[in-house]
Amino acid sequence: MAGTPVSVIEDEKALPQNASSRHQAETPAKSAALKSAHRKVDPRLLIWYSFVYLIMRMHVSNISNAAIMNLEQGDGIKEQLGNLSSSQWAWCLSIFYYPYLFFEPLANLALKRFSPSVWMSRIMVSWGIVSMCQGATQNYAGLLATRFMLGACEAGFYPGVLYHLSFWYPTERLPLRIGFFYACGMFSGTISGLLAYAISFMNGTAGLAGWRWLFILEGMPIILCGVYTFFFLPNYPENNKILTGEERDAILADLPEQAPSMKSKTFNLEQVKDMFRSPSFIPFTCIWMFHGIGAFGITFVLPTVIYELGISNTAISQVMTMPPSTLNFLFLVIVAYFIHMKKLSPWIAGLGIELMQIICYVLLITVKPATARYVFVMIAFAGSQSFYPIIWPERIRATRGTTSAGLAIGMTNGIAQLMGIVGPQLYQPKFGPNYHVSYSSSIGLISVSLLSICTSWYFVRRDDRKRRNEMLDDASSIDDLKVEEYQEKA
């Protein structure tokens with residue numbers, strides 16, 4: 001990550017209508033310093049996080065790939081661990097998300113307390129070790145234990161990245177960055193499917209089944225990433241040595257007053273109270289909960305759903321998980337770009353994505369040809385994975401202060417982990433191969449998410465008007481004070 005390559009995602013000309021007036025007063029020198037700073041920070045912070053997220057998402061999805069590896073040879077994971085039932089397998093998927101639900105709300109406070117480089121490296125190293133341990137499990141209890149510990153080790157990475165970025169960038173510069181970061185993680189499905197296909201041919205090597213090799217080989221790289229992160233990840237603008245003084249000042253001046261800051265207290269009780277009092281808190285929570293359960297359920301069993309379409313065998317089904325992930329990557333980057341350039345409202349994009357998913361699930365219930373259903377599965381998958389990163393900047397913008405931002409991001413993402421707890425139960429193999437019960441449930445849950453989006457949008461717009469009026473009142477008061485001082489001198 002050395003050097004200062006030009007950022008592939010920066011476009012300083014794109015600013016929202018509600019941007020602070022400080023942007024309008026930027027001098028050419030300050031604008032140039034800010035661009036220079038972002039060219040240095042983006043590769044070391046955003047691009048690195050995106051690369052790590054790609055690897056880590058492979059760990060999340062590899063359990064789904066393992067579910068159908070080498071079934072024809074009788075060496076499948078379910079058979080070797082005691083002929084796991086549909087319910088037992090659903091629990092193996094679900095238990096990963098329980099520690100997320102409990103640990104993520106506090107994980108961001110730990111990041112602020114110990115510094116991002118220390119906390120993130122801890123996550124990566126422990127995650128990699130436990131991920132490899134999955135390959136040594138011998139029974140149902142062992143897989144449950146390693147899956148639970150895997151979730152406990154990884155909890156905090158995704159919300160931690162969002163929280164860390166908010167120390168460096170104002171929310172109007174986040175849509176494309178978060179979209180790119182998230183899209184890289186979702187692109188992992190393309191690589192994971194290809195790796196699962198290749199590793200399936202290692203079945204029997206050194207006496208180990210293919211699914212064991214999958215866990216072992218995919219766990220190694222993230223440990224090395226953790227070591228690099230400890231030494232080279234930038235922590236905060238205030239103490240970063242790669243920036244010049246002018247570049248550091250430009251980044252700090254670009255941040256709004258309510259943005260998280262290195263110098264702020266880790267825990268501020270008043271900010272916590274304000275967060276819970278905010279009228280948008282509950283609607284945002286409902287969005288993350290109902291979209292997570294309704295839309296993400298299919299993502300946890302994608303290889304199985306594709307396999308049960310009857311188009312191909314298990315090896316080819318692994319490869320067929322690649323197009324949905326690729327489509328998701330392209331779709332999310334394109335939508336995030338249009339939002340970044342102010343060609344599209346994130347709220348309109350979010351509503352459109354939810355409606356698109358509902359239509360896909362209706363068609364999956366009614367359409368019979370397997371090829372057509374595969375196309376609708378692809379579209380539904382891309383929509384489910386693209387929604388959160390589009391709305392995240394609006395969620396962050398609704399917070400005020402270091403503690404409020406950290407807890408709100410952690411709690412919101414924590415409640416979304418119900419998707420991993422309920423989603424696999426909703427898409428159990430016993431509901432296949434048609435999954436009519438699963439698709440119908442998803443339609444109802446996403447419909448509630450639609451109503452929550454509209455409610456959140458209303459409260460955020462109302463808060464925006466309130467903030468603008470406060471700024472105008474403050475400016476008017478300053479002008480009146482100057483007039484009084486001038487009259488007194490006269």
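Note that Cβ sites are derived from N, Cα and C of the backbone, with glycine treated the same way.
Automatic, uncurated: that is what TrEMBL annotation is.
In TrEMBL this protein carries:
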- 45-68: transmembrane segment (TRANSMEM)
- 45-464: domain 'Major facilitator superfamily (MFS) profile' (DOMAIN)
- 88-111: transmembrane segment (TRANSMEM)
- 148-168: transmembrane segment (TRANSMEM)
- 180-199: transmembrane segment (TRANSMEM)
- 211-233: transmembrane segment (TRANSMEM)
- 281-302: transmembrane segment (TRANSMEM)
- 322-340: transmembrane segment (TRANSMEM)
- 347-367: transmembrane segment (TRANSMEM)
- 373-392: transmembrane segment (TRANSMEM)
- 404-427: transmembrane segment (TRANSMEM)
- 439-460: transmembrane segment (TRANSMEM)
Are the transmembrane segment (322-340) and the transmembrane segment (439-460) close, by which I mean at least 3 Cβ pairs under 8 Å that are 6+ residues apart in sequence? no
Could you name the stretch, out of 148-168, 211-233, 281-302, 404-427, 439-460, with the greatest number of CB pairs under 8 A to the transmembrane segment (347-367)? 439-460
Same chain only, please: residues at least 6 beyond the ends of the transmembrane segment (211-233) with a C-beta under 8 Å from a C-beta of the stretch. Say none if there are none. 1, 44-45, 48, 51-52, 55-56, 58-59, 62, 65-66, 69-70, 75-77, 80, 116-118, 120-125, 127-136, 192, 195-196, 199, 202-203, 205
In contact by Cβ distance (the transmembrane segment (148-168), the transmembrane segment (45-68); 3 or more pairs under 8 Å): yes
Listed stretches 88-111, 148-168, 281-302, 404-427 vs the transmembrane segment (439-460), most Cβ pairs under 8 Å: range 281-302
Check the domain 'Major facilitator superfamily (MFS) profile' (45-464) for me and report the mean pLDDT. 86
If we skip the immediate neighbours and take only residues 6+ beyond the ends of the transmembrane segment (281-302), which ones have a Cβ under 8 Å from one of its Cβ atoms? 61, 64, 67, 93, 189, 275, 321, 324, 354, 357, 377, 380-381, 383-385, 387-388, 391, 395, 398, 408, 411-413, 415-420, 422-424, 426-427, 429, 438, 441-446, 448-449, 452-453, 455-456, 459
